[in-house]
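Q: Below, the features straight out of TrEMBL:
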| type | residues | note |
| --- | --- | --- |
| TRANSMEM | 12-29 | transmembrane segment |
| TRANSMEM | 41-60 | transmembrane segment |
| TRANSMEM | 72-91 | transmembrane segment |
| TRANSMEM | 103-122 | transmembrane segment |
| TRANSMEM | 134-154 | transmembrane segment |
| TRANSMEM | 195-216 | transmembrane segment |
| TRANSMEM | 228-249 | transmembrane segment |
| DOMAIN | 238-427 | domain 'O-antigen ligase-related' |
| TRANSMEM | 255-275 | transmembrane segment |
| TRANSMEM | 287-306 | transmembrane segment |
| REGION | 333-352 | region 'Disordered' |
| COMPBIAS | 342-352 | compositional bias 'Polar residues' |
| TRANSMEM | 412-437 | transmembrane segment |
| TRANSMEM | 449-466 | transmembrane segment |
| TRANSMEM | 517-542 | transmembrane segment |
């Protein structure tokens, strides 16, 4: 009886992992605050809880706790310890536990889930004696999922996005805003081009490995050659689709990651398989021929489509060659000079700052955070709030000067800033140890049936690491980061997974027993715990939907309609202060509207609740500048009902300024508050300070022009000097920032 139950549980665990790797790249939902990563992370959490129930039930039935030992036990333990310590000392413990809201991947809970799944797989699914291990099947499932993702994303390049058809009923790209343009860079079901590109960069080496492992034997009958080569040819077709989609993402980091991943794979293939051959033997080798065919396929596709790296396209693509042959040297030189002369301020206002320049600035900030918090960092996933404290002033001159950076756009610097030397050190140790183990294992198991796939796994792992240098991990990539090593161990050297921690340590299996009442009680308790957390996840997901609706209605100015879903979100999940933060600004705005409608008692009620919610939020998040900014908006709105709130708003924005000392928006708004108080000198001082922080800040220059022009009318004795100062600020806008600024032009006319 026991063996039947355990075999059924093992089967359910296996299918849970199949579902995990198949559905995670595909999962998305239109009504949540974030369409992609949030839903993928929740799916991982849900599957983790299900597997926890199955694994715990299996241990109860067998009467034994068993956890499989793996070569990465010590590196993983150190890495997990670093995450736990950084969460304990975090400037935002709630964020460190769950992760940055909307992403959630990277928080302590997500890391625990990945590590739990790692050991659940190692313990329950690496004992199979079947010809095709579960790892092989999961990799194949991932390739199928990747094919669906690719076929889903490719039409969007041509203006036909299946996602828009699914969500809106229109087969076009109209469902996406300005920041999402799939006709320029596709992203399919992954959410961003770089994420899709890296996902495909992981799958392409694995696809090559599958193609190599399915090549027919050398002594095959000539009549069966066509049939035997059909599967490898199909994998070549799959590689073409993957690579085409990767090129359409225009992701430079993914392209570079793929290039180095394939290079690592090919070098290892040569070292472990090809170096024994003579030149004549190499030409006849089926593996080398297949590798050359794949390389030629990539080269031709790149020549016709172009790579994401412009400097490579000049002489390696059809379009680049045509341009180089037809453009006159004088034209190219003139374009280069014009681009180099353009100031950073002008670039920020026109075409946008190059992403590489912005990354370098953000990386400097990350290094500064590390220098201030060298051991354990600012806390897991706290970069969004910690970066404000050290944000280089040069960032204000970029086109993304007012963006919130929730990551350092470099996985390694992100770990360094948020988890310190211990966090990054343990992360790098895990990576380095895996490479060391791989090379040692491959040298001992050169003739493994799965060696092409094992080598491909190392190439895919490399692709993730290279891409992560210019970006950051997402759910599917973290899954691969933890599971590719495990797949390698199972496919190449199962002896690495032969040891287990067991309690009690039974040398001989006890005779089969039926499930007794005590075991049934234990299973029911585990089931109750699992169901509780599954329902918690469901409640969280439903609350997020309410929050997303209320947030969007708030943004659209529909404050009355936003109140109900935001209130419901807070009731459903009172532990999430982000909901209370949004509800506080909603209620403050409604208080003002009610006051304008002569509903004084209701207005006072809403005002008190808005203030109370804001007090509650900032009392628990002293280091969160975002919440202080919202609090400032709340108190400023309430100052329209009671002027005494203006001093509280000023106090709040001063605290925000301490947390974000180089943010010119904070200084600008502080100036407006002082203007409300009638302190003109302080207002002008702060506006000039905002100008110094961002010398292309249109609002600050225009405000100074406006204030100086008003002072000129109020002070005839100094009118000439004040008008001159007003003109200087307004002319600066038209000369250096935006020559078409109508407001500046109109104000200048009044000064003539």
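Any Cβ shown, glycine's included, is placed from N, Cα and C.
Remember, TrEMBL labels are computer predictions, not curated facts.
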Q: Is the transmembrane segment (255-275) in contact with the transmembrane segment (195-216), using three or more Cβ pairs under 8 angstroms as the rule and ignoring pairs under 6 apart in sequence?
A: yes
Q: Is the transmembrane segment (255-275) in contact with the transmembrane segment (449-466), using at least 3 Cβ pairs under 8 Å (sequence separation of 6 or more) as the test?
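A: Contact between the transmembrane segment (449-466) and the transmembrane segment (255-275): present.
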Q: Considering only the recorded stretches 41-60, 134-154, 517-542, state which has the highest number of Cβ pairs under 8 Å to the transmembrane segment (228-249).
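A: Answer is 134-154, with the largest number of Cβ pairs below 8 Å.
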Q: Are the transmembrane segment (134-154) and the transmembrane segment (12-29) near each other by the rule of at least 3 C-beta pairs under 8 angstroms (pairs 6 or more apart)?
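A: Yes, the stretches contact each other.
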Q: Taking the transmembrane segment (287-306) as the first stretch and the transmembrane segment (412-437) as the second, find out whether 3 or more Cβ pairs fall under 8 Å, excluding pairs closer than 6 in sequence.
A: no
Q: Is it true that the transmembrane segment (41-60) and the transmembrane segment (103-122) have 3 or more CB pairs under 8 Å, sequence gap of 6 or more?
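A: As far as Cβ distances go (cut-off 8 Å, pairs 6 or more apart), the transmembrane segment (41-60) and the transmembrane segment (103-122) touch.
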